[in-house]
Amino acid sequence: REDLWVREGKILNPEKLFFDEKGSADLRLDCRDSIIAPGFIDVQINGGFGVDFSLATDDFKAGIDLVSQKILSHGVTSFCPTLVTSPPSLYHQVLPQIGIRNGGAHGAGILGAHLEGPFISREKKGAHPEHCLRTFEAGAFQDLLATYGSLDCVRIVTLAPEMKRSCEVIRELTKRGICVSLGHSVANLSQAEEAVQHGATFITHLFNAMLPFHHRDPGIVGLLTSDKIPAGRRVFYGMISDGIHTNPAALRIAHRAHPKGLVLVTDAIAGLGLAPGRHTLGQQVVEIDGLNTYIAGTKTLSGSVATMDTCVRHFQEATGCSVETALEAASLHPAQLLGIEHKKGTLNYDSDADFLMLDDSLYVRATYIAGEEVWRQDASGM
């Protein structure tokens, strides 16, 4: 029911304008009963629209540009391009081409890469190619540096905390401001708690690619209610709320156990936005059948083809949570995870004017980045 004031790409405190400058708005926009919400932040997206971030192509940059442009219509204003387990040569080729940049009419902002693997468990590799998996045993952090080549644009690393020497790797990554996520793992609860004590703050797609919850050893899932989390620290966890990766009851259990840590991710793959059929995920071939995506010839799930706004709607429907809660899981929480909540994920004064207009059913009507309209649904509903 209020006004949102924007100037020079930031959300403005109107008191300053009225009282100090005696000014008024240069441009007024009627939001026609829309909900205004912070732009969505997707911290795990492997590609989309035929583009696979885990493939080195001659026009890799054009591919990133295409995805960042197309996801504006899903309400995503910033994202972390995610690479699945790949050979070192691929990281060396691709990572230098992922630049951190602001969003705009050209597309959603890039917050840095999310490297999911190759330091993960064989038993829980999911859709990751086994021949590319690696361990830290020989040189720990040096092995990781040699594999990735450079950490300049890396924002998140998913690893399995039960691996030998993982704690020193977690410490080194955290020291560099890189978020460490636990996933694709057979860790027990105490291994997961130790990883968090060394600096890990995230869980990659909760319930998927980890040991199922067991009452005597709840495994990584137990972090949601652990009493061994260091004071003042919050563990966040990603969830693929597409109605396929996680049963709605499991979504409700996680949300009720630890609502402030839930981060919606799409885990979308190259087939997002494309017709059913065969597509890629890094080194693997993937088959899309409706919203199901499998490694070809198997029943192993491999990422999703759900859009972020679909995940938000499904989450709200499955949990019966408030609209605000559903929107925060896709905006405020990922921003807090990455330590950028003073700039993104809220509508607070002085934060970046990345916001959405949504209808009451949480369908996106328009997307704004730095106060400028970058996408709007046209009258025909497209």
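The backbone N, Cα and C atoms fix where each Cβ goes, and this holds for glycine too.
Heads up, TrEMBL stuff is auto-annotated, nobody curated it.
Residues or ranges marked as active site, proton donor/acceptor in TrEMBL: ASP267. Other Cβ atoms within 10 Å of the Cβ of ASP267 (active site, proton donor/acceptor) number 30 in total over all chains.
What TrEMBL lists as Zn(2+) binding site is GLU116, HIS184, HIS205. Within 10 Å of the C-beta of GLU116 (Zn(2+) binding site) there are 29 other C-beta atoms, taking all protein chains into account.
Counting only same-chain residues at least 6 apart in sequence, none has a Cβ under 8 Å from the Cβ of ARG216 (substrate binding site). According to TrEMBL, the feature substrate binding site maps to ALA127, ASN208, ALA209, ARG216, HIS245, LEU301, SER302, GLY303.
Sequence annotations record features per position, and here TrEMBL assigns domain 'Amidohydrolase-related' to 35-372.
In terms of local Cβ density within 10 Å, SER302 ranks first among the binding-site residues ASN208, SER302. Across the structure, LEU301 (substrate binding site) and ASP267 (active site, proton donor/acceptor) are spaced 11 Å apart at their Cα atoms.
The substrate-binding residues named in the record, ALA127, ASN208, ALA209, ARG216, HIS245, LEU301, SER302, GLY303, extend over a maximum Cα to Cα distance of 30 Å. Inclusion criterion for the recorded positions GLU116, HIS184, ASP267: a C-alpha placed within 10 angstroms of the C-alpha of ASN208 (substrate binding site); this criterion is met by HIS184.
The average per-residue pLDDT of the prediction over the domain 'Amidohydrolase-related' (35-372) is 96, rounded to a whole number.
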